[in-house]
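Working notes, beginning with the structure itself.
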C-alpha cells in the first residue's frame, strides 16, 4: 500500500527538530563536498542535525544516521543585464563602497521538504505541512548559517581603537610652539621619522631598527623617562586628522585621538595648513596595488590562458585567506598529500570514519579539500547565464567560480586566535601551523603521515674557544634563509641607480617604475650563507666555566622529499613598521644541496662536557641583544625573544626562533625571567601529571623533563618524549653537548641532494600582515598561476620574487 507523502512525513516527525538559537545550522555548503544550493542537485539540510549534504552525499548521511527528513534548497541564477563599467578602486577592500566590485550575480531560491530513502518531495511553503515542520523550516531559513558566521568578505585593515589616554591627556604649558616645517630631533640630527610628544611638545626620532637603520630610539626613551603616553608622527598630519599616525606607548599600538585638533593647537599647530609629507601604513599598502610587485606577481597585463580540470581548481578568497589558498595549492600538488587525502581515501570512507559532526573533523575536511581541488568537479568555466550551449565565451576570458574553503579554515584554525580571524596572516606561519596539525592528526600512523615528506634534521656544530665541540640537533619543516644584500651580483647597476635617484630627488622628480633597479642575490649565496661559519658571542662554555666566543656551522642530517625554503624578506623600517626587502633572488630550476649534509661527530674531536651553569654563573647570563633585536624585528614579543635567546645559550637567531615557535603556548611564556634561572626558565611540575605519564609507561625522570620542556602540557610532553627517544635527564641539560642529545633521524625521509623547483608562494605588499599572496605551481610540465579562484597558464612566473620556495627531490 502506498503511503501518502503527508502521512509519511507525520510518521517521521520524531526525527524533526526545531532549531534552538545556539544550534549551528549549515545551509550554504555540503559537509563532505563543495556542493551548494547553486549546484545541480541543490543542498539537503538534515532537519535533525542541521548538517547539509549535496545530492550525491545525502544518502550516506541517511545510511549513517537514519535521519529521513531534509529541507531541500535550490538556487537558480537570475538573468542580469550586461556588465556595468567597473570603477577604479580607492580602497584596498572587496565588496564594499570604494573597494573592488565583486559583481555577484543574483539568485532565486526554492524550497521543499524531502523524505528519504525514496526522495518523496513536498512543496514549501504549504499550509498542509505539520506545524512542527513549518516552524523548523522557517527557523532554518531565518537563521544565520554557521558558514557565514565564520566568513567576512571585507578585505580591510583592523580599525584603530580610541586611546584610553586621549580624553584626559595632560599637556604642559612650557611655551613650546612647533614650526610648520624644518623639524629635527631634539637629541640628534635626524630629520625624518620624527614624533611629536603630545604632552610636552618634544620632537624626537623613532626607533632604531635591528640593522642599524631608522631613528635613534629617542622618542620611546623619552616616554620611558617621563611616562608621557601619546606621540604623533610629523608629516602625517593633514586636515584629515583620522589619517594621522598617533602612537600610544603604554598601549603599544597605533591609536585614534579624538582630541588631536586641540592637542595640536596647544602647541600652535594649525593642522589644516599642513601638507602631507609621509605616507601612512595603509596608503603604502594601497599603493602596492598599482606598483610593479603587485602586477609582476599576479602577471597582470598579460593574457593568462585559463585552465580547467582535475588539479586546476581555484580557492575563493573568503576574507584575507590568500595566505592559506596559496599554501594549499602547492601542498596539494605534492605526491604525499595527493596520495593520503585523495588517491588513498575516498570521501565516503572519511565520512564514515568521522564523528557525528564531520565539519569539525580535520581528516574529513582535508579529504574534502583534496577532492575539491583535485577531482576537477568544481573546475569548470563559469558562464554568464544558464544557456551554456547558446553562450559564446572567449576561452581567454572564461573563469571558474572555484571552491570556498570555509569548513577547512574553521577546523585548521580552531586552536589559533590569529588564523581563525579574517586578518591577513604570514604564509610561513600558516604553513608551519598546518603541518603541525596534520602531524598531530596522524599520530601513530607514521606510514600515512604526509607531513613527514617535508621533515628533515638540522645539526649545529659549535666549536668552543677551548677547542672542544658540541653538536645540537633539531627537526624542522622549513629552511629559513637570510638574504645577504651585500653579495648582490649587480652592484654596478645599483650604484648607477642610486646616483640617478639622488639626481631626480634634487630636481624634485620621481623615479619611474621601469627605472627601478633591485639587488639580485643568487639562491646559492643564501644557501651558502646558511652553512657559513658564524661567530657566537656570549656562549657559555662548560669546559671553561665562563662565557666565550664560539664558532657555529650548520648542516642537514637528512634531505626531505620536499624542501621548503623561506626567504627572510621582512625587516623593520622606520616607525617600527614591518618592511619587505626589495630584492630579487635568482633561483635556478634545479639545485644541489649535497654539500650541506652535516658530517656529525668526527674522530679526534673532543666533546664539551655535560653540565649547566652554576647559580652564580646563571645569574650573570643574559640574552644576546643582536639575537633579540632580530627576533623582535620579525614581530615577536621582546620578553619571549629574550627567553628564546637565553634558553638556546645565545647560539643564534635560527635556534632562538625555533625555540620560540615551539614554546609560544607555554603557560609561563609571559612570566618575567627569574634571576635564579638566567640560562633556563624553570617550570614547577605537577606530580599528578608526572604520575599520568608514568602510567603510560615512561620513566619518572623522562616524564618530569618532558613536562618541564612543554610547560606542563601532557599532550605536548608526550610528543616531546616521542620526538626525543634518546633523551636522558643529563642529555637535555642547559648546554647540549653530546651526540645523545640528538633528535631521532631514523624515521625521517632521506635521499640525494638534487631538487627541482615545483612551487612558489609570492607576496605583494609592505608586510606579511597586509597585501596579497599568489601561488605558482609546476604541473604537467608547465607553470600555473593560482591567484585565489583564478587559475591559468603562467607566462612568466616570478621566480625571483618568492617568499616560500617548494622543491621536490629528484
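Placement of Cβ uses the backbone N, Cα and C atoms for every residue, glycine included.
Computed over the domain 'UBP-type' (161-271), the whole-number mean pLDDT of the model equals 86. As annotated by TrEMBL, domain 'UBP-type' applies to 161-271.
Shown in sequence order, 185, 186, 187, 188, 190, 204, 205 are the residues of the chain, 6+ apart in sequence, with a C-beta less than 8 angstroms from the C-beta of residue 218 (Zn(2+) binding site). According to TrEMBL, the feature Zn(2+) binding site maps to 185, 188, 205, 218.
The feature domain 'USP' is assigned by TrEMBL to 313-810.
The annotation active site, nucleophile is assigned in TrEMBL to 322. Cβ neighbours of residue 322 (active site, nucleophile) (same chain, under 8 Å, six or more residues apart in sequence): 424, 772, 773, 774, 788.
As annotated by TrEMBL, domain 'UBA' applies to 622-663 (among others).
Under the heading domain 'UBA', TrEMBL lists 684-724 (among others).
Other Cβ atoms within 10 Å of the Cβ of residue 772 (active site, proton acceptor), summed over all protein chains shown, number 25. The active site, proton acceptor annotation in TrEMBL covers 772.
Same-chain residues with CB within 8 A of the center of the 185, 188, 205, 218 CB atoms, the Zn(2+) site residues themselves not counted, are 186, 187, 189, 190, 194, 204, 215, 216, 219. When Cβ atoms from all protein chains are considered, those within 10 Å of residue 185 (Zn(2+) binding site) total 21, not counting its own. In this structure, 188 is the one among the binding-site residues 188, 205 with the smallest number of other Cβ atoms inside 10 Å of its Cβ. Across the domain 'UBA' (622-663), DSSP assigns 30 helix, 0 strand, 12 coil.
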